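Following: one structure in structure tokens, then a few remarks.
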């Protein structure tokens, strides 16, 4: 799935790191004054600063924080000077923070600023340590009822700035990298930015070299080269086109947020399979539609997931992943399998004498509508009611294309996918007859492997880095989109255009899907994986391929 493929590259859990640091290391029970009308009001709970820390942890207000922190430092130096002039030493309350000396004096930090090295920018971790002491000093000074209200107000401003820097520092100290400040998002058009974004889109992956197959596939179609050449060239050209569609969809999702981004990913996440199926449907290649859609699910569940377990297990003895999300995914896939078993079982058990084609069509339409509703509910579950369990790894990535250029690329690449799919389906029947492989093997094995090549490569690379939640999210997420979204949508589109696609698929096909879902559920049920589990999944896929080639 496009959003998950892209998210696999975003591996900094800043918010999670901050929460862990706050729970395990920051036992901060101090009190701070509530400065409504004066500095003499009752002491309030300092935990009200935590929302600022949370925002700072993702770098949303870093620029403003730096400005506030600079002003706060200047003021605190004046306070420190007055402190020394009165020979009154104020020591901060002890807070246990990794990388800091809890007994350090606030003045020790600012004494370093007077050195010649103070002109150099502070390392984020040093800024973190300094911000801790700024907050401590502000908290201590706010309790001094003899201090003027103006001082208290300025100290509160300093405290907010220090707290923001503290949040940034927490993320920095735990990840080892500075939290990126948000960049300016491009508007409708941005010539220089669009040139850079287009270059990144076209040259960002070595798979894009396969774009050379796109014009060759068109030439093969029009000059009547071998049907093998037309089929293979257009099939291969779909790989980089699918990759670029995923990049553009994610670029738009970054701009519009989770809700619209989820809808974009639902629409364009598997647009290659969607367009290919629609074109095959208009040509009444119903077997190719059924086998290619089920083949996409099998490819992700068995081949992609198996390779993730195998490659990751070779490098790591055992890997762990989120069981809650996987149970939800497995239950959705099992529901989709049951929904396809019912019409197929009805036709197989009763036959055309007792169940007419119109009745099977009615059952298929009802099943498609039900699955579509379930998918919408799944999106609502994922984006709203239980979005907290779908914590995605962020790195502050910003859109690289302007809005107008992103939509231009999206429309243009979608058109190219449509033409490549058109030429591919024109040649598939000749290839089937000449090669002797048959539509079942081409649809179930060859087309899905090419269509899922980008997801396959991404998932394996992520698994090799021990990011199993992301790797499994790619495999299961794409399977869910095909089984619960694309299949019912194709059935409803066929109904609307007068090319009805019955969901009473071949019983063998439905049985294989059901067994694959059960097998995938078995290997992911305990939240752990190893290379042997991956080998089993791949072996199951190979057995299906060997069997289907003889059908």
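Just so it is clear, glycine is given a Cβ too, placed from its N, Cα and C backbone atoms.
Annotation source TrEMBL lists compositional bias 'Basic and acidic residues' at 102-111.
Annotation comment: TrEMBL describes 228-383 (among others) as domain 'Sodium/calcium exchanger membrane region'.
Taken from TrEMBL, the feature domain 'Sodium/calcium exchanger membrane region' applies to 406-548 (among others).
Residues annotated as region 'Disordered' in TrEMBL: 95-125.
Positions annotated as transmembrane segment by TrEMBL: 201-219 (among others). Counting same-chain residues at least six beyond the ends of the transmembrane segment (201-219), those with a Cβ under 8 angstroms from any Cβ of the stretch are 225, 229-230, 233-234, 236-237, 239-241, 243-244, 247-248, 400-401, 409, 416, 419-420, 423-424, 453-454, 457.
Summarising the annotation, TrEMBL assigns transmembrane segment to 225-248 (among others).
Taken from TrEMBL, the feature transmembrane segment applies to 260-282 (among others).
TrEMBL lists 288-311 (among others) with the feature transmembrane segment.
Residues or ranges marked as transmembrane segment in TrEMBL: 332-350 (among others).
Residues or ranges marked as transmembrane segment by TrEMBL: 362-381 (among others).
What TrEMBL lists as transmembrane segment is 401-421 (among others).
Summarising the annotation, TrEMBL assigns transmembrane segment to 470-497 (among others).
Listed as Cβ neighbours of the transmembrane segment (503-524) (distance under 8 Å, sequence separation of 6 or more from its ends, same chain) are residues 290-291, 294, 297-298, 301-302, 305, 309, 321, 323, 326, 330, 333-334, 336-341, 343-348, 360, 363-364, 367-368, 444, 472, 476, 487, 491, 533, 536-537, 540, 544, 551. Per TrEMBL, transmembrane segment is recorded for 503-524 (among others).
Residues 298-299, 301-303, 305-314, 437-438, 440-441, 444-445, 512, 515-516, 519-520, 523 of the same chain lie 6 or more positions beyond the ends of the transmembrane segment (531-550) yet place their CB under 8 Å from a CB of it. According to TrEMBL, the feature transmembrane segment maps to 531-550 (among others).
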### Query
Any residues 6+ beyond the ends of the transmembrane segment (288-311) with a Cβ under 8 Å from its own?
270, 273, 276-277, 280-281, 319, 333, 425, 428, 439-440, 442-445, 447-449, 451-452, 455-456, 459-460, 462-464, 468, 471-472, 474-476, 478-479, 482-483, 486-487, 490, 501, 505-506, 509-510, 512-513, 516-517, 519-520, 523-524, 529-531, 533-541, 544
### Query
Looking at the stretches 332-350, 362-381, 401-421, 470-497, which one shares the most CB pairs under 8 Å with the transmembrane segment (225-248)?
401-421
## Note on the structure
DSSP tally for the domain 'Sodium/calcium exchanger membrane region' (406-548), helix/strand/coil in that order, comes to 122 helix, 2 strand, 19 coil
### For the transmembrane segment (362-381), distant same-chain residues with Cβ under 8 A (at least six beyond the ends)
262-263, 266, 328, 332, 335-336, 339-340, 342-343, 346, 480, 483-485, 487-489, 491-492, 495, 500-504
